[in-house]
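Annotated substrate binding site per Swiss-Prot: T28, G29, S30, T31, D84, G85, A86, D87, K97, G98, G99, G100, K124, in sequence order. Marked as active site, proton acceptor by Swiss-Prot on the basis of sequence analysis: E106.
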Amino acid sequence: MDQNKLKQEAAQRAAEFVEDGMTIGLGTGSTVVYLVEAIAQRIKDEHLNLTGVATSVRTRKQAESLGIPMKALDEVGQIDLTIDGADEVDKHFQGIKGGGRSHLIEKIVAINSARNIWIVDETKLVDTLGKFPLPLEVIPFGSGKLLQRLADEGLKPAYRLNEDGSKALTDSKNYIIDLHLGKIEHPHLLAEWLNKQVGIVEHGLFLDLVKTVVVGTTHGPEILDAHRG
């Protein structure tokens with residue numbers, strides 16, 4: 001089955017977790033595009049009263065264009081549910097996010113949410129994190145020195161570039177440095193070290209935030225729940 005079809009089916013299944021009256025966080029990425037469409041359709045069909053909080057400019061624009069009422073994070077209380085994609089998810093429900101350059105805002109929204117659900121296709125499930133490059137959102141000033149420090153630690157860093165060779169910018173006008181690690185044996189220790197490095201605004205390790213993952217498979221969407229083991 002086409003990978004986009006798997007994403008679409010998983011997104012449609014995840015949209016079923018949305019309930020009337022909720023404030024919902026809307027993630028960023030190719031899978032979330034289908035999610036926003038599915039939620040907008042539910043609002044139209046079921047007359048749901050929802051408020052959305054977007055994690056990126058492009059998600060907000062899509063949601064508003066489809067009639068989903070949107071507010072900024074500081075304009076709402078706690079978010080009831082945030083649904084987002086992920087670039088990798090391991091068997092312990094830890095993940096890497098940031099392929100879409102939005103992991104800083106995604107993490108801020110996630111930690112302010114009562115519940116987080118990820119939607120992925122089955123290719124994103126891994127035994128060990130790290131094959132997907134780990135993104136770091138970094139302050140532009142002094143980023144070259146930071147890049148060298150990361151290289152000295154053996155973390156194989158590289159600026160993320162646009163097609164024209166310019167440095168890719170986040171919505172917050174920061175740079176992205178990707179770490180090409182191959183395998184992350186101890187994600188919590190790595191996260192702790194990265195948190196101490198001056199110049200790194202946020203890393204793409206999302207640890208201990210999610211208990212439910214909706215997976216698009218060739219046999220239909222499957223729900224993985226950490227509480228069920």
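Using the three backbone atoms N, Cα and C, a Cβ is placed for every residue, glycine included.
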Substrate site shell beyond T28, G29, S30, T31, D84, G85, A86, D87, K97, G98, G99, G100, K124, criterion: Cβ within 8 Å of Cβ centroid:
G27, V32, V120
DSSP secondary structure for K124 (substrate binding site), reduced to helix/strand/coil, please.
helix
Around the Cβ of the residue listed as 'active site, proton acceptor', other Cβ atoms found within 10 Å total 30
When you measure from the Cβ of T28 (substrate binding site), how many other Cβ atoms are you left with inside 10 Å?
28
Rounded inter-Cα distance in Å - D84 (substrate binding site), E106 (active site, proton acceptor)
8
Indicate whether S30 (substrate binding site) is helix, strand or coil by DSSP.
helix
Same chain only, sequence gap of 6 or more: which residues have a CB within under 8 Å of the CB of K124 (substrate binding site)?
A86, D87, E88, V89, V215
If I restrict to non-local contacts, at least six residues apart, and a C-beta distance under 8 angstroms, what lies near K97 (substrate binding site) in its own chain?
D84, G85, A86, D87, H103, E106, K107, P135, G204, F206
Does DSSP put G99 (substrate binding site) in a helix, in a strand, or in coil?
coil
For G99 (substrate binding site), the number of other Cβ atoms found within 10 Å of its own Cβ
21
For S30 (substrate binding site), the same-chain residues 6+ apart in sequence with C-beta under 8 angstroms from its C-beta are N4, K7, G85
To which of the binding-site residues D84, A86 does the lowest count of other Cβ atoms within 10 Å belong?
A86
Just how spread out is the substrate site if you go by the largest Cα to Cα distance in Å among T28, G29, S30, T31, D84, G85, A86, D87, K97, G98, G99, G100, K124?
16
